[in-house]
Amino acid sequence: MLRLLVVASLVLYGHSTQDFPETNARVVGGTEAQRNSWPSQISLQYRSGSSWAHTCGGTLIRQNWVMTAAHCVDRELTFRVVVGEHNLNQNDGTEQYVGVQKIVVHPYWNTDDVAAGYDIALLRLAQSVTLNSYVQLGVLPRAGTILANNSPCYITGWGLTRTNGQLAQTLQQAYLPTVDYAICSSSSYWGSTVKNSMVCAGGDGVRSGCQGDSGGPLHCLVNGQYAVHGVTSFVSRLGCNVTRKPTVFTRVSAYISWINNVIASN
């Protein structure tokens, strides 16, 4: 049996010698992203007393809609979204803060079984944000698009910089080439834990997602343009950067119809 770690920074898990998925990811082995280089990246924050704390990433897909992971928002908390963010610990002068008016979690999401898939949610914002050089909409792939093995992608986020480490202050990025489904679902990788509605990337034992990266984007270069092909979902509970345990993402192209339907009906 495998054990997974979802990558939202709120949830603390014990460790085991068995390898399960964990849904708390941050960028391990990455570097600080150049300011404004990923303007669709958002910080999802929750109210903690009189302050706010980063818990997950996400992608701005409309001026009043954000895409993130279901496991980031399936708790009774008060959330807000910060766009134009770079340094979580200081005012960059480019941020816009907006409340979350409605949360739409995929109806098939099961909190107790991240490996079943459907780890995706949409957040309707209380008001539209203003687009500028610091805040842009993420490009989504065409429905059904499957990336070839070793496609060039970057994960971005403020997650832990190492297993059991601390959240990054500034937005990080790491190069994570894709691992196709045939390889990622083989017994020496994730086996049957991975479904074809997911994308695997990384697995070199150096670079990965980690706690705090959950819900954030996997940006992949296709035909000269970066598009958001993944929503960060889970890593191995044995550690964020375990060899042959690539970071696993919800495959956005499997949910394009659902995304469009939710936005149109809300």
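Using the three backbone atoms N, Cα and C, a Cβ is placed for every residue, glycine included.
Marked as signal peptide by Swiss-Prot: 1-16.
As annotated by Swiss-Prot, domain 'Peptidase S1' applies to 27-264, with the evidence given as sequence analysis. Residues belonging to the domain 'Peptidase S1' (27-264) score a mean pLDDT of 95 in the model.
Feature annotation from Swiss-Prot assigns disulfide bond to Cys56-Cys72 (among others).
Residues annotated as active site, charge relay system in Swiss-Prot, with experimental evidence given as evidence: His71 (among others). Counting every protein chain shown, 26 other Cβ atoms lie within 10 Å of the Cβ of His71 (active site, charge relay system). In this structure, His71 (active site, charge relay system) is part of a helix by DSSP.
Counted within 10 Å of its Cβ, the other Cβ atoms near Gln90 (Ca(2+) binding site) come to 9, all protein chains included. Following the DSSP three-state reduction, the secondary structure of Gln90 (Ca(2+) binding site) is coil. Residues or ranges marked as Ca(2+) binding site in Swiss-Prot (evidence: experimental evidence): Glu85, Asn87, Gln90, Glu95.
Residues or ranges marked as active site, charge relay system by Swiss-Prot: Asp119 (among others). According to DSSP, Asp119 (active site, charge relay system) is assigned to coil rather than to any helix or strand.
Proximity of Cys220 (disulfide bond) to non-local residues of its own chain (separation of 6 or more, Cβ distance below 8 Å) is seen for Pro141, Leu147, Ser151, Pro152, Cys153, Tyr154, Thr178, Tyr226, Ala227, Val228, His229, Gly230, given in sequence order. Annotated disulfide bond per Swiss-Prot: Cys153-Cys220 (among others), in sequence order, evidence recorded as experimental evidence.
Annotation source Swiss-Prot lists disulfide bond at Cys184-Cys200 (among others). For Cys200 (disulfide bond), the Cβ neighbour count at a 10 Å cut-off comes to 27, with all displayed protein chains included.
As annotated by Swiss-Prot, disulfide bond applies to Cys210-Cys240 (among others), with the evidence given as experimental evidence. Following the DSSP three-state reduction, the secondary structure of Cys240 (disulfide bond) is coil.
Of all Cβ atoms in the protein chains displayed, 37 besides its own lie within 10 Å of the Cβ of Ser214 (active site, charge relay system). Annotation source Swiss-Prot lists active site, charge relay system at Ser214 (among others).
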Shell of the Ca(2+) site beyond Glu85, Asn87, Gln90, Glu95, same chain only (C-beta within 8 angstroms of their C-beta centre):
Val82, Gly84, His86, Leu88, Asn89, Asn91, Asp92, Thr94
Sequence gap of 6 or more, Cβ distance under 8 Å: name the residues on the same chain that satisfy this around Asn87 (Ca(2+) binding site), in order along the sequence.
Gln169, Thr170
List nothing but the one residue from Glu85, Glu95, Asp119 whose Cβ has the fewest other Cβ atoms within 10 Å; the candidates are the recorded positions.
Glu95
Any idea which of the disulfide-bonded residues Cys56, Cys153, Cys210 has the thinnest Cβ neighbourhood at 10 Å?
Cys153
Check the Cα-Cα distances from Asp119 (active site, charge relay system) to the recorded positions Gln90, Cys200, Cys210, Cys240 and tell me which is shortest.
Cys200
Just to verify a number: CA distance, Cys240 (disulfide bond) to Glu85 (Ca(2+) binding site), in angstrom, no decimals.
24
